[in-house]
Amino acid sequence: LFFSGLTAMEKKLAEYKCNTNEAIQLKLVRFPEDLEDENTTFNPEYSHQVFGDDEVAFGYKGLKILLYYIAGNLSTLFRVEYTSRVNEKFDCVEADDVESKIREIIPPGFCTNTDDFVSLLEKEVNFKPFGMLLHTYSIHNEDAGEDITYQIYKADMTCPGFREYHERLQTFLMWFIETASFIDVDDERWNYFLVFEKYNKDGATLFATVGYMTVYNYYVYPDKTRPRVSQMLILPPFQGEGHGAQLLETVHRYYMSSPTVLDITAEDPSENYVKLRDFVLVKLCQDLLCFSPAKLMQGFSQEMVTEAQQKLKINKQHTRRVYEILRLRATNMGDAEQSRSYRLDVKRRLIGPYKKKQRELAKMRRCLRPEEMTNQLNQIDLNLQREQLEESFQQLVSDYRRVLERLAQA
C-alpha cells in the first residue's frame with residue numbers, strides 16, 4: 001500500500017514539471033498586435049545556465065515565462081503565468097522560485113504588466129542606434145516582397161544609454177550560446193558591433209535590434225593589438241538571412257584599416273562560427289594574387305601567410321584553411337593525379353597531431369617501465385589512425401564544398 005501511494009504521489013508531482021526551453025517565451029515587439037501573435041514568439045535553445053542541466057522548473061502546470069522585448073531598445077516585459085502550482089500546505093513540497101532565477105540575469109527596471117509595456121512601445125520612435133555607422137546593406141525579403149535595409153554600428157560604453165541597452169541585449173546570450181558568460185563592461189578594451197534593421201511604422205523610420213558581436217583587443221608586444229571575437233549572436237528571427245557574414249566581414253574591414261592590428265582571432269569558436277568564418281575569409285581572400293590557381297597548385301606558402309595577414313588581418317591557421325578551400329575549388333577532383341596531390345597535402349596537415357602524440361609516446365617509453373607503458377597507452381594502431389585520417393579528410397572536404405557552394409551563390 002505504501003509503495004502504490006508513493007507512486008501516485010510521484011505521478012502527481014511529475015505533472016508539475018515543466019521544460020524551461022518550452023516555458024520561456026521570447027518576443028521582439030514592434031507593434032502592439034505582436035503581443036497576441038504566436039508567430040512572433042520564439043524559445044531558447046538552452047536554459048541550463050539558469051535552470052540547471054535538466055532544464056526543468058518544478059512546481060507548476062502550464063508554466064509560461066514571458067520575456068518580451070521592444071524590438072529596438074529592448075525594454076523588457078517579464079511575467080510568470082501558470083494554470084496551477086503545488087501548494088506547501090497540502091503537497092509538502094515547494095515550487096521553484098522561477099522569478100528570482102530570471103531576475104538574476106535580466107537588469108532591473110523591466111515592466112511587469114502589458115499596459116506599461118505598450119506605452120513604452122509608443123516612445124520607441126525616439127530610439128536610434130548607438131555609435132558610428134560602419135556599413136549599410138539590404139536583403140530581399142520574400143514575405144515582405146521588398147528589400148529591407150540593415151546597418152552595422154560600432155559602439156562603446158561612452159555612448160549615452162548604451163551600457164543599459166547592452167545589459168538587456170546580453171541576456172539573450174544565456175538562451176542561445178551554450179557556454180555564455182557576461183563580460184566586464186568596465187574594461188575599455190572591449191569593442192561592440194551592432195546590427196539593426198530599419199523599418200517603417202506610421203510613416204516614421206524605426207530601428208530594430210538584429211544581433212551583435214563583442215571583440216576584445218589583446219595587447220601584443222611591443223605596439224600591436226590582436227582583436228579576439230568573444231561572442232556573436234544573431235537573434236533567432238533573423239537567423240539564416242546572411243547577417244552573420246555581413247557582420248563578420250564588416251568587423252574584419254574595420255580592423256583591416258588599422259596599422260596597429262596584427263590579426264583577428266576567435267575565442268573557443270562554435271562549429272557554426274567556423275563555417276561562417278571560412279565563408280567570409282575565403283570571400284575576402286579569393287582575389288589576392290597569392291591565391292591565384294597557379295600558386296594554389298604549388299602548395300601553401302609564406303607569401304600567402306604574409307599577404308593575408310598584412311592586407312586582411314587573417315592569422316596563419318585561418319589562412320591555411322582558406323588555402324585548402326580555394327585549392328579544392330581549383331582542383332579537378334576527377335583527375336587522379338590532382339586529387340591525390342590535394343589529398344596528401346591536406347592529410348599532411350591533419351597528421352600533425354598524430355605525429356605529436358607519437359613523439360610523446362616515444363618520450364614516455366624512455367621514462368616508464370614497460371609494464372607502466374602498456375597501462376599508459378598501447379601503440380596507436382596504424383590502421384585505425386589511417387581510418388581516422390581518411391574520415392577527417394572526407395568531413396573537411398564536405399565542409400569545404402558547402403563553403404564553395406555558398407560562395408558561388410553570393
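Numbering starts at 1 and runs along the chain as it is shown here.
Cβ from N, Cα, C; glycine included.
As recorded in TrEMBL:
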| type | residues | note |
| --- | --- | --- |
| DOMAIN | 16-178 | domain 'Histone acetyl transferase HAT1 N-terminal' |
| SITE | Trp190 | site 'Interaction with histone H4 N-terminus' |
| ACT_SITE | Glu267 | active site, proton donor/acceptor |
| DOMAIN | 277-328 | domain 'Histone acetyltransferase type B catalytic subunit C-terminal' |
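Shown for the domain 'Histone acetyltransferase type B catalytic subunit C-terminal' (277-328): DSSP residue counts in helix, strand and coil, namely 41 helix, 1 strand, 10 coil. When the Cα atoms are compared, the residue listed as 'active site, proton donor/acceptor' and Trp190 (site 'Interaction with histone H4 N-terminus') turn out to be 14 Å apart. Counting Cβ atoms from all protein chains shown, Trp190 (site 'Interaction with histone H4 N-terminus') has 17 others lying within 10 Å of its own Cβ.
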